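> Would you mind keeping the following structure in view while I ask a few things?
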Amino acid sequence: MDILETDAYDKRRRRNMSCALLLSLLPFFLSSALYFYLWAPDLVPSVVSAGVKAAPTLLLAMVVLSWNGGQSVLGVAGGLIFSAVGDCCLVWPELFIHGMGAFALAHLLYSVTFLSSRYATYSSSSSSSLNRFLHLVVVIVGGAFYIYLFPFLQKAPNSDLLTPGVGIYFVLITVMAALAIRTGHVATLLGSLIFMVSDASLALQVFKVFPPIEHGHIVVMVTYYLAQLLIAVGDVKAAENKDDFSKWKRS
C-alpha cells in the first residue's frame, strides 16, 4: 500500500470513527433535550429529577468507557461519574457541599488524566509561549474571581465550611484548566474553560452576588453539558491520536 492509499485509508477510517462517535453520543443529546424539555429545576427535588439531571453525564461516561476501556474509570469516565453524583446532590440545596466535593474529585481525575502520556504533546517554542500566557490568564482569573466572591461566601450559611471549601474547589478547577491548556487538544481546552464559566455562573447565583437572573440556570446547564461533552470527546480523540502515533512509530 503506497503513501496515497494509506492516506486515503486513514481519512476513511477517521471519518467512519467520527460518524460512530456521533452515533454513540445520540443518547446524550436526547437526554439533554429531555432535561430542558421537562425543565427539571422546576420539579420538586426527587430521585426522578436527580436522575433526569444526571443522565446526560452518565451517558457520556458510558461513551468514554465504550471507546477507551475500563482504565478510563480512573480518568475522564470516572470524572464524569463523580460529576453525575454532584448533579444529583445539587438537586437538594442542603447537599450543596457534598455536590461540590463530588465535582472536586471529578476535576482531580480530569487533571490526572491530562497529565497522562495519552495527552503528551510536542509543541513549538511559539505555542509554549502562548500556553504560558494562557496559564497565567487562567490562574489570575480564577484567583481574582475567588477574591471577588469571598465577601459573599462570608455571608452564606455554613460560611466556615464554604469559604475554604470553595477556595479549594477553585484551585482544583483552575489547575484542571491549566493542565487542559498543556494538552494542546482543542476540545479538551474549550471544555475545561467552559466548565469554569459554568461554575462561575452558578456561584454568582448561589451566593447571591447579583439579583436573580432570568434564565440564569439555563446558562449554567447549557455551558455545563457542553463542557462535559467537549471533555469526553477530547478524551476519545486523545486515545485515537495516541494509537495513530504508535502505529506511525512502528511503521
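A Cβ is built for glycine as well, from the same backbone N, Cα and C atoms used for every other residue.
These came from TrEMBL, pasted as-is:
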TRANSMEM  20-40  transmembrane segment
TRANSMEM  46-65  transmembrane segment
TRANSMEM  72-93  transmembrane segment
TRANSMEM  99-121  transmembrane segment
TRANSMEM  133-149  transmembrane segment
TRANSMEM  161-181  transmembrane segment
TRANSMEM  188-210  transmembrane segment
TRANSMEM  216-233  transmembrane segment
> Cβ under 8 Å to the transmembrane segment (99-121), counting only same-chain residues 6 or more beyond its ends: which ones?
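Non-local partners: 72, 74-76, 78-80, 82-83, 85-90, 165-166, 168-169, 172-173, 175-176, 179-180, 182-185, 188, 192, 199, 231, 235, 238-239, 242.
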> Out of 20-40, 72-93, 133-149, 216-233, which stretch touches the transmembrane segment (46-65) the most, going by CB pairs under 8 Å?
72-93
> Mind checking which residues reach the transmembrane segment (216-233)? Cβ under 8 Å, same chain, six or more beyond either end.
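Same-chain residues near the transmembrane segment (216-233) but 6 or more away: 21, 25, 28, 32, 35-36, 41, 56-57, 60-61, 63-64, 76, 79-80, 83, 110, 187-188, 190-192, 194-195, 197-198, 201-202, 205.
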